[in-house]
């Protein structure tokens with residue numbers, strides 16, 4: 001018997017001999033993970049959860065009148081300038097030279113965004129007046145949840161969509177900003193949302209790629225800041241959020257490592273044929 005179909009043999013097409021299982025291979029393409037590496041990669045999820053937490057806590061302070069829009073705008077402006085300088089300092093400006101984008105172009109984009117947002121802030125303030133507050137809160141929660149689901153954590157998956165994730169976060173910020181007292185509050189809230197949901201992840205990705213130790217330190221400090229802010233609003237919420245962060249950063253990686261030991265993928269002559277040769281020249 002020969003394992004070919006182009007010759008006539010006195011055996012049925014589905015016949016196999018005793019050597020069939022000799023070519024059995026297990027976990028050929030299985031990927032082995034290290035606990036520290038998985039914990040490090042989970043930092044992206046922790047960072048985004050903390051970003052949502054900081055945004056919601058900030059909105060709560062503004063809604064309660066405990067934080068002025070001028071104070072938030074000043075703090076956001078200072079942190080944005082520091083982040084801008086750090087973004088270039090991390091790689092010595094190599095990324096800017098490769099993209100060909102100048103600081104003047106960045107300044108113009110910032111001024112245009114601020115001008116349009118400030119001009120349309122009265123519209124944002126009255127955009128959802130006909131919608132009940134409960135509906136606004138429900139939509140904001142769903143949008144922020146969608147932002148976390150579709151955010152680009154570095155995985156190559158079909159569900160990842162940075163554009164959709166950012167749009168959902170901005171939509172949630174507009175909904176929540178419409179419940180603030182004045183148009184200035186709405187302008188500052190949307191601006192802050194753009195900073196924490198668009199600019200902050202860009203800086204974190206560069207820190208993660210260039211300076212991993214600095215990235216870990218910033219992640220820990222950011223998580224502590226988010227927990228501290230949430231504790232001033234609800235101590236129970238802070239405890240639950242801390243438990244969630246610990247579960248994602250410590251427990252889930254441990255479970256992944258343990259489950260990898262139980263992985264049992266089999267490969268053999270029954271697998272579909274894979275064409276490894278480059279066929280682009282035939283296209």
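Glycine too: its Cβ is placed from the backbone N, Cα and C atoms.
If you look up TrEMBL, you'll see 35-61, 67-87, 107-124, 136-155, 162-180, 186-203, 215-233, 239-257 marked as transmembrane segment.
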### Query
Where among 136-155, 162-180, 186-203, 215-233, 239-257 do we find the most Cβ pairs under 8 Å to the transmembrane segment (107-124)?
186-203
### Query
Hey, which bits of the same chain come close to the transmembrane segment (186-203), Cβ under 8 Å, at least six residues off its ends?
47-48, 51, 54-55, 58-59, 62, 69, 72-73, 76, 79-80, 83, 86-87, 113-114, 117-118, 121, 124-125, 147, 151, 166, 169-170, 172-174, 176-178, 180
### Query
Of the listed stretches (67-87, 162-180, 239-257), which one yields the highest count of Cβ-Cβ distances below 8 Å with the transmembrane segment (35-61)?
239-257
### Query
Mind checking which residues reach the transmembrane segment (239-257)? Cβ under 8 Å, same chain, six or more beyond either end.
33-35, 38-39, 42-43, 45-46, 49-50, 53, 223, 226-227, 230
#### Entry: Same-chain residue ranges lying at least 6 outside the transmembrane segment (215-233) that approach it to Cβ under 8 Å
40, 43, 46-47, 49-50, 53-54, 57-58, 60, 204, 207-208, 241-242, 245
